[in-house]
Amino acid sequence: MCFWTNLSVWMILLSHSLSLVSSTETGKTLTQNNSRAGSQGLLEVLRVLSAGDHWSLNHPQSLIKILLERTGCPQRTDWTQGDCKLCLEADALLLTAGGNLEDELREEVVQRVSLLLLYYIIHQEEICSSKLNMSNREYEFYLHSLLGLRQDEDSYFLSEKETDDILAFTRKYFGTSSSQCMETKILQRESGIQGSNGADEKTLPQLAATIIALSLQGVCLGRKALPSPDDFTEYIFSFLNSTNTLHLSEIEQLLNMLTTRRTCAKEDKYLHQYQRKQNTEEHSLRDPKTSTAMDKESDDHSPSWDQACFSARQLVEIFLQNHSSLSISKEDFKQLSPGIIQQLLSCSCQMPKDQQAKPPPTTLEKYGYSTVAVTLLTLGSMLGTALVLFHSCEENYSLILQLFVGLAVGTLSGDALLHLIPQVLGLHKQEAEFGHFHESQSPIWKLLGLLGGIHGFFLIEKCFILLVSPNTKGLPLVNEHVGHTHHLGLNPELNDQSSGGKSISTIQLKGPEDSQTTVLPIGNVPASNRNGKTISLLAIMILVGDSLHNFADGLVIGTAFSSSLESGVTTTIAILCHEIPHEMGDFAVLLSSGLSVRTAILMNFLSALTAFAGLYIGLSVSADPRVQDWILTVTAGMFLYLSLVGMLPEMTHVQTQRPWMTFLLQNVGLVLGWFSLLLLAVYEQNIKI
């Protein structure tokens, strides 16, 4: 009798399962009976499970208890002995779903109970540990909790990704087989879900009933069947000669292919279709808000598995069934070898070239390109000294200086915020790994907005000074900018005075605590001072400070080129734009201290050579990536301080004869510096040197 009862149960379950799986994927409208298949199927399963117990058929509380036992203890095989320890009560579950303990069990109540069971499956640990009591909430709370499973999805619909997350939980919970799985879209159609948005408040309970009914029958849901181990071996043999045997020459050919990777050139059309899954199913089961380790399939068809990129966990699942350990033994590796070889031959896991992370620069590249960069930096400092020699026109000198000061602020702050900080935080590595432009560039746009806030407040303050108090005396022309290597501020006032047909230029030196100005004519410096053998203390201070500054610049450039060629290029541009106005101020102070033009140029050149010493020290100490990150972190802070604390206030309070033209050139320099660093930050992966 028991045999025939069990046989009838399994025949009914099998017929119901086949009726669901055999449904076609055509676009025909589902009938009302099909849309209600989930709840009716679950009721049918409950009636079969309670066969022989006529009392339970007429009491909804007993049916819900049977459903709760089967759902709460899915791995239990012997249902005739012992009790199942449940974390839910059938009465509370039925009342929360809007049912009655005495009335007949309605389909709507069955669907709601199924939805509550899905919530229980997802949050079983919290519920069973008494951290979450389901009887304290209304049914609508659980409904909206499932609809809002992912924060990045529409909270009014259960999207396909959210459905995949739920099905991943149910597969793990019920321990269903990974073969002959029903696809998510077929499951949605069986539940009466017509739209592309997914299930809503009305259709989600039907979907929940279908999921519970099929899971109780052991049907795998939401994931296509993985290939068998023999399929990988078949692929390898078919790839080489399409027979059941391999010759030694073909084994040699296989080794050559794996060594040279020539086979990947033949499969370039597949490289853009697949990527290795970043989140394994185990991770997805722990966090429903993240995506599961499932292939994103097209609406019409899914790709063949032989061009699919399998994760390490999936290969273990295919070749080593019931393998729960994270370690792989030698015997296990022997079984995994065909899968690894097949993945290498198919090239399905190789990323496109434009998304591959670039290798670190070689020793020759680091030393070669960085030496060229420091050489250009030295020549750029000489350009700054050359601009001071054109002091005959005070107005043009002031405008050129402010243009370069704005350019220095833009490049220094832009390099720190758009390049160095994202690099030390690892954002560039994520961009190279995933290759999604809009997603990976999101931090860059946010940091650009930060620069926009800085520029906006600079405009407000500058306009306030120009419009409200145009006659207020500002700070000297170049104050802190040229003073970070010494303690003197510099205000070049280039006054053209007619004296025997000669133009006399003067430079005003102004200390931070001195309110009086000392006028030192460049052209009328006493010969005893200009040709004397002694060098003033001011010149020595400038020489030492400038040497240390250039040494630090070389150290930073060496570290940047050790990290990547792109980082070296951006850092060199930022330092070069900063160095030109800096050297203009230092050279002017050297001339005013009594040195001749030739001596001042020589001293400026000698101090610039210390950058090479810093360069080669930086290249040697920054071989370790951790050292690189720390040096670049300090460099970003130094750049922000120099640009925002030292030079931007000077731009705000500069005193000039043409304030609006100065204001325009300052903004041109700022925008040009930020825009150039933005282009480098966005397209640095495409830079080829």
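Placement of Cβ uses the backbone N, Cα and C atoms for every residue, glycine included.
Sequence annotations record features per position, and here Swiss-Prot assigns topological domain 'Extracellular' to 1-201, 391-397, 469-536, 622-629, 684-689 based on sequence analysis. If you look up Swiss-Prot, you'll see N6, N133 marked as N-linked glycosylation site. According to Swiss-Prot, the transmembrane segment annotation covers 202-222, 370-390, 398-418, 448-468, 537-557, 601-621, 630-650, 663-683. Here Swiss-Prot flags 223-369, 419-447, 558-600, 651-662 as topological domain 'Cytoplasmic'. Residues annotated as motif 'XEXPHE-motif' in Swiss-Prot, with similarity to another entry given as evidence: 578-583.
Residue counts for the topological domain 'Cytoplasmic' (651-662) under DSSP (helix as H, G, I; strand as E, B; rest coil) come to 6 helix, 1 strand, 5 coil. Note on the topological domain 'Extracellular' (622-629): DSSP counts are 5 helix, 0 strand, 3 coil.
Confidence annotation: the topological domain 'Extracellular' (1-201) carries a mean pLDDT of 67 in the model. The stretch from 448-468, 537-557, 663-683 with the most CB pairs below 8 A to the transmembrane segment (601-621) is 537-557. Contacts between the transmembrane segment (663-683) and the transmembrane segment (537-557): absent, as fewer than 3 C-beta pairs lie under 8 angstroms at sequence separation of six or more. Comparison of 398-418, 537-557, 630-650 by number of C-beta pairs under 8 angstroms to the transmembrane segment (448-468) places 398-418 first.
Outside the topological domain 'Extracellular' (622-629) by six or more residues, the chain places 424, 558-559, 562-563 with a CB less than 8 A from a CB of the stretch.
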